[in-house]
Amino acid sequence: MSNFAIILAAGKGTRMKSDLPKVLHKVAGISMLEHVFRSVGAIQPEKTVTVVGHKAELVEEVLAGQTEFVTQSEQLGTGHAVMMTEPILEGLSGHTLVIAGDTPLITGESLKNLIDFHINHKNVATILTAETDNPFGYGRIVRNDNAEVLRIVEQKDATDFEKQIKEINTGTYVFDNERLFEALKNINTNNAQGEYYITDVIGIFRETGEKVGAYTLKDFDESLGVNDRVALATAESVMRRRINHKHMVNGVSFVNPEATYIDIDVEIAPEVQIEANVTLKGQTKIGAETVLTNGTYVVDSTIGAGAVITNSMIEESSVADGVTVGPYAHIRPNSSLGAQVHIGNFVEVKGSSIGENTKAGHLTYIGNCEVGSNVNFGAGTITVNYDGKNKYKTVIGDNVFVGSNSTIIAPVELGDNSLVGAGSTITKDVPADAIAIGRSRQINKDEYATRLPHHPKNQ
């Protein structure tokens, strides 16, 4: 039989105090909704339907082309949300997973186990449960003396006795699809919230003598539903521990994993060394035996093998094997550094390609440049690429030497093997093998200093 999935993502998330729909808040680099969608993929659903509501267009944009959408214009409870999927799923034979889009810690393995449990026990409904010493706020699982599930009771509707139950409802279920939509026609809003509860379906199945089961999570963390910023931070912390643990198992060394922040889609090769306070975001890839020191921040970039990045920022760029960057360097978007390049302290590279073995040791700005191999930039070199309205390109050939404190005003080209004298301002192309000196000739005025009031003769 087929599997189907319903993801509930219509809520506003008032307690988040945000204009962004709750399910779009990020955990480890991607939205909570994307985490849930990826985990749902473990059951290989034939159809996935996402229920949207508040700012539906933003939610649909995240999963565009990956799921069908239905709109819950008025949020009248979880049961009502599932009713919205009726035009797509009613009458189909199979098993339907219902899951909230604000549960980013649920794993695909647990959802697969839930489906298998449901099928193997021939249940009409199976509840994913968890156990906790602090069940306040959760729906409780009420069982009979034979440990069979009788019903789920919400916190506001629970008796004092029921509030003591430690087994809680995680808000994730599997149903026989056909029976689910039949039962939904019989639920009502006679409860403290005045809403249609999906949990009332469980009571209907019990009344008709149908089999209802519960599969208990091994890890309570997976049950976390994020309703505010506190829970969001908790989810971030748990996810970060999972991610770092995975990388350590795969051969990556962490000095302090609790102070290292790695997004879920980052790829890291074995033998990489990561110091504390390193952040790796987005689609970043790190090659083998690279060292990332304290304070390094990398976004959507590829770093090759054997590189050393020291307390620097790299954004949307590529760094080849054996490159050294930093400390305090900034590689801005759309830059590429060839093999064995050295970018030293207080150097900024922006929108530039730099050939192998080129060095910019300190206090240099390289913007909108095409730089060849074996180039040396002296301290204080500035490429001037902006005239207040337009940006221009500088082309520097192979084996060029740029003396310290030089200013290169684009558009300009420095030919292969050329040399720029220290302190020069370059405004014209420099031919290959030429020396360019663009500064005033030094003039010494003998004895002139004796006329100045601060000279010792005038004290």
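The backbone N, Cα and C atoms fix where each Cβ goes, and this holds for glycine too.
Here the structure is a predicted model, which means the values were calculated and not measured.
Quick look at what Swiss-Prot lists:
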- 1-229: region 'Pyrophosphorylase' (REGION)
- 8-11, LYS22, GLN72, 77-78, GLY139, GLU154, ASN169, ASN227, ARG332, LYS350, TYR365, ASN376: UDP-N-acetyl-alpha-D-glucosamine binding site (BINDING)
- ASP102, ASN227: Mg(2+) binding site (BINDING)
- 230-250: region 'Linker' (REGION)
- 251-459: region 'N-acetyltransferase' (REGION)
- HIS362: active site, proton acceptor (ACT_SITE)
- ALA379, ASN385, TYR386, SER404, ALA422, ARG439: acetyl-CoA binding site (BINDING)
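The list of residues near the region 'Linker' (230-250) in space but at least 6 beyond its ends in sequence, with Cβ under 8 angstroms from a Cβ of it, reads 16, 25, 27-28, 32, 35, 104-105, 221, 224, 257-258, 260-264, 266, 268, 270. Counting residue by residue with DSSP, the region 'Linker' (230-250) contains 20 helix, 0 strand, 1 coil. Comment: acetyl-CoA site residues ALA379, ASN385, TYR386, SER404, ALA422, ARG439; largest CA to CA distance 22 Å, whole number.
Comparing CA positions across the binding-site residues LEU8, LYS22, GLY77, GLY139, TYR365, the one lying closest to ASN385 (acetyl-CoA binding site) turns out to be TYR365. For the binding-site residues listed here (LEU8, ALA10, ALA379, ALA422), the lowest count of other CB atoms within 10 A around the CB belongs to ALA422. Each of the recorded positions LYS22, ARG332, HIS362, ARG439 was scored by other CB atoms within 10 A of its CB, and the lowest score goes to ARG439.
The DSSP secondary structure for LYS22 (UDP-N-acetyl-alpha-D-glucosamine binding site) is helix. Here the residue listed as 'active site, proton acceptor' is compared against the binding-site residues LEU8, LYS22, ASP102, TYR386, ALA422, and the shortest C-alpha distance is to ALA422. Comparing CA positions across the binding-site residues ALA10, LYS22, ASN169, ASN227, TYR365, the one lying closest to SER404 (acetyl-CoA binding site) turns out to be TYR365. In this structure, ALA379 (acetyl-CoA binding site) belongs to neither helix nor strand by DSSP; it is coil. Comparing the Cα of LEU8 (UDP-N-acetyl-alpha-D-glucosamine binding site) with the Cα of every entry in ASP102, ALA379, ALA422, these being the binding-site residues, the smallest distance points to ASP102. Between the binding-site residues TYR365, TYR386, TYR365 has the most other Cβ atoms inside 10 Å of its own Cβ, all protein chains included. On a Cα basis, TYR365 (UDP-N-acetyl-alpha-D-glucosamine binding site) lies 20 Å away from ARG439 (acetyl-CoA binding site). Here the region 'Pyrophosphorylase' (1-229) has a mean pLDDT of 95 out of 100.
Shown in sequence order, THR189, GLN193, GLU195, TYR196, TYR197, ILE198 are the residues of the chain, 6+ apart in sequence, with a C-beta less than 8 angstroms from the C-beta of GLY77 (UDP-N-acetyl-alpha-D-glucosamine binding site).
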